[in-house]
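Comments concern the structure below.
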Amino acid sequence: MEKPTLPKGTRDFGPAVMAKRQFIFETIRNVFQKFGFQPLETPAMENLSTLTGKYGEEGDQLLFKILNSGDFLKDADAELLSTKSSKQITSSIAEKGLRYDLTVPFARFVVMNRNEITFPFKRYQIQPVWRADRPQKGRYREFYQCDADVVGTDSLLCEAEIILMITEAFKGLGIVDYTIKINHRGILSGIAETIGAKQNETSLFVAIDKLDKIGEEKVKEELRPKGFSEESLTTLFEILHVKGSNTNKSAFLQSRFDASESGQKGLRDLQEVFNLLKNYNASDNHVEFDVSLARGLSYYTGCIFEVKINNVAIGSVSGGGRYDNLTQAFGDKENLSGVGFSFGVDRIYDAMEELNLFPKGATATSKVLVCHLDDDSLYYGLGVLSALRAEGIASEIYPDNAKLKKQLDFANKKAIPYTIVIGPDEAQSGLLAFKNMDRGEQEKLPIERIIEKIKQP
RNA sequence: GUGGAUGUAGCUCAGUUGGUUAGAGCAUCAGAUUGUGAUUCUGAGGGUCGCGGGUUCGAGUCCCGUCUUUCACCCCA
């Protein structure tokens, strides 16, 4: 028989990995809840019409589509089928798709439940998403996102709190060396206006987003064929080369944005966010105003964020921004402004693994293994087991009659720190052989004393 | 979606210009030790050399296809 395999870009998570993953999930969940966000889950699959057109052309290509049930070809448009054009045919044989992110399903949920929701609505959502990407380092076809979004308020408090949540989550995870990059779509538009490239915004943003990766020359090479003049490129890089503190950068841009309404709006917003952070008594050590930050998802309209862990060759581990028109895309008449961000658990995991940041005792396992030498001691052991569990001590008993050697070996492999060996003598006297697996020390104690010992480290 | 690399035991890898029966370490199992693991010693099991085709007297080795993993691009968490 052929060995089973996994679909490309997906993974199993064994117990050791799960312990670490859960540490990340719990840390993030606690932060979300502490900031007043409430949980939401949505289905893995959405109607394709919900998903398409929200992520730009590239995004649509990366959607996993689900074949219609039944004899889907019978109902398909025969004329379309004869064209053999997959793109065209898709819509007639697949009406569902796997979610690509959590923000769009959330917007769909908000519009569907408009009347039941009290605004501003703060929700968090921790679920997997799927992208039909080609996998590579830090990039999977199935991965978990942890989203927190607020919808129904323009307040820049939300942006400030996003920064606080990132800071707090990373503190909990033990990640110290990271950068929260922040920018504003208005500022990007301002730049486009200033260099006279308003018609060509998208290619401009895509190109400058790569600046720190490919460098100035390559960005210019990419833009020249798209109709950018040398003069506009020179101006562009005068702006992009802005250096210094966040305040310095703002001041410099202010001087260039005389003629740009949206540029000024962007600057005002950012300054307000910085100002709010001060009032929280929060340090903005990790926050960097990065004029070249653009981000791909097309639905952002205001502040945008991206978080990178330094000295690790993994893309961004978190990102987000404000989107003003997303609910409108689902036919909502009144505009609801939303802002949110997302942690990429899988990348955070990879980064923490690379930096050796997982706490040592993270693997969840029993504290005690009860070992036994014959049937009678096994029965006696069940009482011991119950006594341990009644005290909240995670414990298990070896289920088979096996050599003591094998039982101790089992404890060893599962990294269970204590064992209790029960034989005829122990069952008779009630003095149990309590063994510390690390030190190899063993003493005979009554169960009450053993419980005490385990509880006080 | 485009281009490059990769695949030999459960894991990490050797394997000569193509030549007999494909090896090692670790892991597993058993025993030395019928009540003591993580350190010792002895032994055993485990392979359609990713899969399919081709060249050849002969292929783990060369050629083609395919899949996996991986790197870069596109894009992104």
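All residue numbers here begin at 1 and follow the chain in the order shown.
Heads up, the Cβ atoms here are built off N, Cα and C, so glycines get one too.
Among the candidates A:ARG131, A:ARG224, A:ARG256, A:ARG268, the one that TrEMBL lists alongside A:ASP101, A:LEU102, A:THR103, A:GLN145, A:ASP149, A:ARG295, A:TYR299, A:TYR300 as binding L-histidine is A:ARG131. Highest Cβ count within 10 Å among the binding-site residues A:THR103, A:GLN145: A:THR103. Within 10 Å of the C-beta of A:TYR300 (L-histidine binding site) we count 25 further C-beta atoms, all protein chains included. Packing around A:ARG295 (L-histidine binding site) is summarised by its Cβ count: 20 other Cβ atoms lie within 10 angstroms of its Cβ, all protein chains included.
Secondary structure from DSSP puts A:GLN145 (L-histidine binding site) in a beta strand. There are 19 other CB atoms within 10 A of the CB of A:ASP101 (L-histidine binding site), with all protein chains counted.
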